[in-house]
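Here the structure is laid out as structure tokens; the discussion comes afterwards.
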Amino acid sequence: MAFFYYLSCSKLALLVLLCFTTSLLHCSAHSDHHGHHPHFASYNYRDALTKSILFFEGQRSGKLPPNQRITWRRNSALSDGSALHVDLVGGYYDAGDNVKFGFPMAFTTTMLSWSVIEFGGLMKGELQNARQAIRWATNYLLKATAYPDTIFVQVFEFADKYRGSYSDGLKNIVCPFYCSYSGYQDELLWGAAWLHRATKNSFYLNYIQRNGQNLGADQSDNTFCWDNKHVGARILLSKAFLVQKLQSLHDYKSHADNYICSVVPGTPMSQAQYTPGGLLFTMSDSNMQYVTSTSFLLVTYAKYLTSAHLAVNCGGVLVTPKMLRNLAKKQVDYLLGDNPLKMSYMVGYGTRYPQRIHHRGSSLPSMVVHPTKIQCSSGFSMYNSQNPNPNILVGAVVGGPDQHDNFPDQRSDYEQSEPATYINAPLVGSLAYLAHSFGQL
């Protein structure tokens, strides 16, 4: 019954499934013509973009295609769902263990899609790979909605009628891995924002106007992740006002501005903490997910502001789109090697990167070289080994350093050494923007 629970995990998160699938297939991502090409780039953002997308092939579950590029990953979990007589083969393993969780997978897929919607026109040869990464997830999520009595009908309606966090009924299954600590309100606002973006249906606009405040539109939180999507919804809805001139959503410009003022250092409203080396630090467990999601929102909001010829007033301090892009670049540069340890936190990028990531597929011998079953005892001996992982998970971004810029590179340290799909997904958009801005695409 385990995979029934993984299916049910995605009830609220799948609010966005139909809309981001529709948006991606029919969108026309345009280049940002407001930027320019500086003469010098510290890092090869194009190479990082390629690898950040390639990483998703290493997270694939199910039967792999002939053009699979990470070849140590083989077919896996081919009987998922068979106990319930349903096909749940496919999708992504969320992080370092061979487990599929619908809730973070839906967020991952949305962020990959948003990256393509905003910056796909800049990706050139990588656009097709990004689309394939999205399709691998949506194919699975569509299967997950087809099972009777789970999410077979339109879930937009389902989640609004049966309000509550998905983990309330599945606490023993999904916690502590992916408990929904933020509640269900952010998912409803996030889902409505995407449905409005995808369909232009006035029903969703009216829903947002009627329910936005009750769903936390003006909350002062300043984190954006697979659990808490309030900030992302505010930025997305601000586009409707800034770019599409939808006056009824003018409050979301103020809501988005408040978030921006909370993360930009040096403003009177700044609440964010940074390490001595300059990395945004939110929490010790997988902190890099907040770095990549924040960086994406910064370059995306800068794009919207530029289109509207506006800036952000943070208590008398004027924050321009250029300042937002510079802050995003600083965060991405830190991730790629501009940090006190002079190491990249993306596996396979640069000359120094994490060698012992917390990842089962990467740390155990591939079936290519070890076709027989590995017993648990043998697996733990490899887990505790100080040897580098035998399989390089190219493009994987790990949890990152602590608040003092330290990184032990220990396989057992999942908080700092484990990669995850939701770390990479928003980074794809930021890297596409930076690679284009520095003339690398």
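Even glycines carry a Cβ here, placed using N, Cα and C.
Positions annotated as active site by TrEMBL: HIS358 (among others).
What TrEMBL lists as active site is ASP409 (among others).
The Cβ of GLU418 (active site) has 20 other Cβ atoms within 10 Å, all protein chains considered. Under the heading active site, TrEMBL lists GLU418 (among others).
Taken from TrEMBL, the feature domain 'Glycoside hydrolase family 9' covers 154-430.
The signal peptide annotation in TrEMBL covers 1-29.
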Intrachain C-beta neighbours of ASP409 (active site), sequence separation six or more, cut-off 8 angstroms: PRO354, GLN355, ARG356, SER417
Length of the line joining the Cα atoms of HIS358 (active site) and GLU418 (active site), in Å: 5
